[in-house]
Amino acid sequence: MFSRRSHGDVKKSTQKVLDPKKDVLTRLKHLRALLDNVDASDLKQFFETNYSQIYFIFYENFITLENSLKLKGNNKSQREELDSILFLFEKILQFLPERIFFRWHYQSIGSTLKKLLHTGNSIKIRCEGIRLFLLWLQALQTNCAEEQVLIFACLVPGFPAVLSSRGPCTLETLINPSPSVVDAKIYPEEITPLLPAVSGEKIAEDQTCFFLQILLKYMVIQAASLEWKNKENQDTGFKFLFTLFRKYYLPHLFPSFTKLTNIYKPVLEIPHLRPKPLYVTVTRDNETIYSTKIPYMAARVVFIKWIVTFFLEKKYLTATQNTKNGVDVLPKIIQTVGGGAIQEKVPELDGAGATEQDKSHSNSSTLSDRRLSNSSLCSIEEEHRTVYEMVQRILLSTRGYVNFVNEVFRQAFLLPSCEISITRKVVQVYRKWILQNKPVFMEEPDKKDVAEEDADKLGLSETDSKEVSSESSGHKRSSSWGRTYSFTSAMSRGCVTEEDNTNVKAGAQAMLQVFLTNAANVFLLEPCVEVPMLLREQVDACKAVLIIFRRMIMELTMNQKTWEQMLQILLRITEAVMQKPKDKLVQDSFARSLAGLLFRTLIVAWIRANLCVYISRELWDDFLRVLSSLTEWEELITEWSNIMDSLTAVLARTVYGVEMTNLPLDKLSEQKEKKQRGKGCVLEPQKGTAVGRSFSLSWRSHPDVTEPMRFRSATTSGAPGVEKARNTVRQKATEVEEFQQAESTAAADCDYLVVGQQPVPRSSSTSDITERLYSDSSQGQKVENSQNLSSSEPKSVQESKGHVTHEHEGVTILVRRSSSPAELDLKEESQQTHGRCRERQKSESTGSDMAVGYSNEAELPVSPWQTCEEDPELSTPTDAVADSDARHWLQLSPTDASNLTESRECLADDCSIIAGGNLTGWHPDSAAVLWRRVLGILGDVNNIQSPKIHAKVFSYLYELWYKLAKIRDNLAISLDNQSSPSPPLLIPPLRMFASWLFKATTLPNEYKEGKLQAYKLICAMMTRRQDVLPNSDFLVHFYLVMHLGLTSEDQDVLNTIIKNCSPRFFSLGLPGFSMLVGDFITAAARVLSTDMLAAPRSEALTLLGSLVCFPNTYQEIPLLQSVPEVSDVVTGAEDVKHYLINILLKNATEEPNECARCIAICSLGVWICEELAQCASHPQVKDAINVIGVTLKFPNKIVAQVACDVLQLLVSYWEKLQMFETALPRKMAEILVATIAFLLPSAEYSSVETDKKFIVSLLLCLLDWCMALPVSALLHPVSTAVIEELHPSRAPLLDYIYRVLHCCVCGSSTYTQQSHYTLTLADLSSTDYDPFLPLANVRNSEPVQYHSSADLGNLLTVEEEKKRRSVELIPLTARMVMAHLVNHLGHYPLSGGPAVLHSLVSENHDNAHVEGTELSSEVFRSPNLQLFVFNDSTLISYLQTPAEGPAGGTSGGSLSDVRVIVRDISGKYSWDGKVLYGPLEGRLAPSGRNPSFQISGWHHHTCGPQSNLFHGEEGDDVLDKLLENIGHTSPECLLPSQLNLNEPSPTPSAMNCDQEKEIIEVILRQSTQEDEYVQRCHSNSAVKVTSQGQPSPVEPRGPFYFCRLLLDDLGMNSWDRRKNFHLLKKNSKLLRELKNLDSRQCRETHKIAVFYIAEGQEDKCSILANERGSQAYEDFVAGLGWEVDLSTHCGFMGGLQRNGSTGQTAPYYATSTVEVIFHVSTRMPSDSDDSLTKKLRHLGNDEVHIVWSEHSRDYRRGIIPTAFGDVSIIIYPMKNHMFFITITKKPEVPFFGPLFDGAIVSGKLLPSLICATCINASRAVKCLIPLYQSFYEERALYLEAIIQNHREVMTFEDFAAQVFSPSPSYSLSGTD
């Protein structure tokens, strides 16, 4: 009927509207056309001009339609007509508010609205009636009557009847009042439903909530629809309605609404715990819904949500969003009733809308979409934005409204768990106000306004209280609609009194205090643990509140009152939530969900508060009381430990100037420095970025901290500005970090906490810290300060003393006052230090870092916590939290930063707020005090009831102590490694936990785990170098604790102490430490006697091994514990030694752990050396040697190798062994021989490489013993019962040595007959030696990682690898040993000293045919030289050299000498020979030299008979003298009778006298017969021959004659030698090969670096610059070897130069098999940078370093930067002239001995043991090199290559020709 088509002729339509002749329906049609086509301003003028006719048109049409509906019922056309009529009615109300205000058509409009509001109408008509009624009521305002107010009070069904003058009223009674006079003739017209509801119409289940939503929504959106001429009336219209709402509805919605909520004068009473309500369950749509029986709870939620809508970001919808698929969607009012309103849950006000519904069975009018779109309950149209903003402005316009809103929000915090979702909405509002956009009432008031403010004005809260307390309204209602009730009366009754309170600025602090107090109610509601869903809801709400708390802590500036309120609230919350009930079931789940977050928030808030304001002692006491009562919560311990980590990082930075994330020791290697220099300034911004992103990693590590997505506001979740803000945070964090680093440098000058070695007087301004920290102790013991408080200190400081009194009841750090005074007293800077600090701070205050950092810091738009909440996906490992965490939640707030800058600049002598001063933020005193207080905030940790929690605390204490120790290690570290800084003035309190630890050891056994942690920390604490020596009281307590622990029956306690108390404890030399030696021995023995696999067996044996030298040093060591199986207490040094060695002997044979067995064997070796060096002649030395000897045949080759190394060590003590027992050195060799013979059969066929290598080690050890023992010992017959029985001749030891060597070369089955008997283990059996001593097995370690074939292929070719593997290791080694013995036994060392082993003579020396001084090809053309190959293994050069003539005369003939140069696997040797038998006439004159000895350097053994060998008298028996001389020069050639060869042999023992006579007779008879025969021949002329004359001798002239003669004498020219004797091809390649072979070493070589570190040296420059050391150091270096002159040294140089650039001398040690050169730093010049560089190059390139350190701190490997140094042996001199040894090695280096890590040795043993250990360490390192070869293996390969490539194969004739004439270019005579 009424279409929306355009009417072009507006004027025509106007005329028709105003034409009274037209029917009212036609006029309505044209009026509707005008409404659609005319602007609102023109319409208002039109309506005001023609108001009467317009109302007539409306009313007539309305009455007509009403009658039609009553008669005909409703249909679609009538509903459309009703829509049009009501639309006109709405426009009348909108355009004519001024007339309506004066009650224009008052009764008619009222009657019409009653018809629409009739409860019998359909829901849609009733909603439309409410909307139009609110328009009318807003227009009437003060001219409304009581009936209109009562109708408003009854619009929402479900509330109690409103009391009036006629009694209780409802909407029904108000629409159709009952007649007051029963017999009256005239009655008011009965109002009936206009459009009754039909059956099937969907009705909201909770009509109260539904109509309340309608009412609240229309109160807002209709507030601005009236076209007032005075626009201000729009505000008054809403205020009028809202006042009525608060009067009639609010008391029912909020029965506990109070006037006390006043942010202008807040009442901050902390709430109490509320019991949980009774929850009822309703199941709807398969979903369980929980509610309470609290009246009007759902309506209360609706109202709170409505209020929240004005303060949260709203979702405005445009007109296009209200259509779907191009078709108009159903009106929102229909959608709401049909869909959303039937739900129990109230829909979100900022949601996206509800679903469509079916249009059937609906009596609702099809109102136009333009009007219906205003009725949405789920979203806010764009056109309503202004009206919502207007209402928001109104709600914040006066103090009364502000207090009202905050009280409503307080009521939201009181909601039960089932409705707590709206509480989270309120939390979002507060979050927006506090953290983002502050409302006007949070702005700071003007000072003038504050001064003039009337304290009595309490705003709306007071008037509301009057309403609540007044009589029940007392309305006197009349039947007429007179002006008996007006807006003026409402004002006089206190409904609206806000106008006088328009100054709403209260300041942020008051608002924060009110929020803190109200928000606590969320936590203080008893949780419903029976319903998990409700529990989760409450937990989520609590976390949302805590998020704001945390952001406030981090980002806001709060005054003291606000801080105190926050701390009290957090304490109350924590105490209420975390206090476990007696049944331990009710609150556990709720408390557990909040525990970590709540504890962390509380502690962080406490720390931040103390940095910003003064916190009273009473609050600290409450803090201590609450947390110490909650120690059963594991979460508390976790958060406390995390906070302590962060505080420790701050303490390190502010007090000690150390950054825990950038420690000096972590960046000292030169490689890292180069990388940093290469990256330049990129590092700092990157670090800042990382810090900015991970603000508080320990909070971020908890997933329950992150705010859920549904809590986020629309402005921050995904907003474009957020990422930009985060980048700003990162940038500013970098700048702040840079400033803080500079600040910490300045603060380092003013550090305090624990004194170092030099006392510095305290200043009066900070000495109060000492008083407060140590004012009381737990036992009531008063701690006295070394300095009294100054009388001039500020009063505030004096009043604030003793904040932590009760804290120390738990932390009993002091045993008594005298306990370690230097450590427990606080140290403060002097006034002079203050002055320096002030100057430095002033200079820094003008720097760019501080100016930029702090000026920009205040601009941070997004806090770190917000970053966490917004970005939960950004996760960072929790192990990196320490300092980055502290850098954020412990940094100053932005506004505090500038204040700090000023205070630091102007008040440098002041102290922190916590110390009574004015400085905020982190300073040395605040950091130390807070660290100390938070440490003790748990109370006495030994009072914790839970053993698990107790153990966790002590476990963390160990971690905390480790951090403090790390800080100490990083103090006074040279950053550039160029100079050593002075010792630190302040050191961390490493013994601070002592009293806790001591007490923990006395706890019952149920606290065992904590006790073990305490023992572990005690050991770590007392095995560390003590900067300040503990006093006697402390030591007595410590020794008592250790004694009780070491004698404990608990095996775990023993294991813990032994594992963690290293031998360093003995090296510290604490007073009285020796009293624990016996306890340690006993405890270690008990640990070793157990079968526990986890027992610290290696540590126990290390302890025992470190004590082997103590009994000789400390002559009487008491044993405080009786020895098992001995009733008396053992005392005295000898008994202790016996006790100790018996344990070592037992474990050296029975220990199952491989490493421990090795340590036990090494310990025995050290003890043997100690006893031999001290000449103690202890009887158990033999037992120790027996164990070591038996271990040689142990299946585990690692253990056996250690035993072999020990035997090799004893080589240098053979003389001491001989003094101990004459046969003992020979016994060593016999053991080796028998062991080799025992192991050889299995080893030579074994596929395991270690078996073969061990045989090689035994062979080399045997060689060392053979070379060390005198020849007489080796020639001594082996005397054993078995051998004497089988072999009466008793072969010498050397014979058995050669036999076993021959077995190694030829195979173990070589000697199987009795005549070739080899020494066996059974032959060694005697009373002193048991070769079959039983040995227990050990658990093998991880197998050695062999190099793969691919790795080998990368190093050598396949052919070379095959060649290397073709060399048989055992036979080759045995051949080398035999060659070595043949050449050197009895000769080494030569006259040139031990440095010369092989010959230095070559073929060109003394060669008349060669002019060059070096070996060259000219040598091969010499006629007097020939080169041969013998047995395909040896190169032999024969050279004929001219002999010198007799002195002072000429010789009859010039005889030549023969020189034989031999090159084999053992080395190069030279022998000179002379003609022994020749013509008498050509006998040479006495020679004044012995060229063979002088040239080759052999030692010349002079013997008496030898000198007269060729110069006896005529007729002397020269042969007789020769035979006699052989007995002197070569005793091994003598017969077993030891008679000279020229002496008659004694009579054989088996021959008697008769037999002897018979033999003599036979011989004489034969002699007589021979003489007779000769006589007969002489007499017979037939047998006579012609006599020949003696030929005259001819002098040989051939250059190779005598060489050829020698070859003939040696049988080399015989046929049987022909296959083993060959010539070499003489060419340039051979020459190069020979030179290369001669350059190879003939001994094992090692180069060892030696460093000297003096006291206070911690940089390489200082260490390398040392030119001399202490006397003990010089004595040690002298004991390492012989000091050799490098310019003339002939042995191994190790890279040192002869020109003096690397020093003039160096220690050198050598045997016939090993050479060691020591690169001693103090021997090398350091006068220039080049010298230092060269020195470092030589020292750093060595694999093994010896470090002699006299510094008070442990040596760090990084001080000497080198990629080598695989093994470092550090020597620390002790006070008792003993030396503590630590060995650090790379993990891949295998075990080596004889010294081990932790050994303690005496000065006599030190050089030899260090030297032996260095050699073994060098061998261990070299064995890791792929395809590493020993010197003889290398020589064997070279020899093999020479022989294969240069051996010349020829016929015998050619061979003889070459031997006859080596060089055919020379013509030789036939007689040569």
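Positions of Cβ are set from backbone N, Cα and C atoms, glycine also.
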Exercise. Which one of S122, S819, S1749 gets the tag phosphoserine in Swiss-Prot?
Worked result: S819
Seminar exercise, completed: Annotated as phosphoserine in Swiss-Prot, from the list S165, S180, S696, is S696
Seminar exercise, completed: Per Swiss-Prot, the phosphoserine among S397, S486, S1537 is S486
Problem set entry | Record-annotated phosphoserine (source Swiss-Prot) among candidates S178, S820, S893, S1422 | S820
Seminar exercise, completed: Checking 711-730, 1471-1490, 1571-1590, 1611-1630 against Swiss-Prot, the stretch recorded as region 'Disordered' is 711-730
Exercise. Around S1592 (phosphoserine), how many other C-beta atoms are within 10 angstroms of its C-beta?
Worked result: 7
For this session: Can you check how the pLDDT averages out over the domain 'Rap-GAP' (1634-1842)?
Result: 91
Exercise. Should S1592 (phosphoserine) be counted as helix, strand, or coil on the basis of DSSP?
Worked result: coil
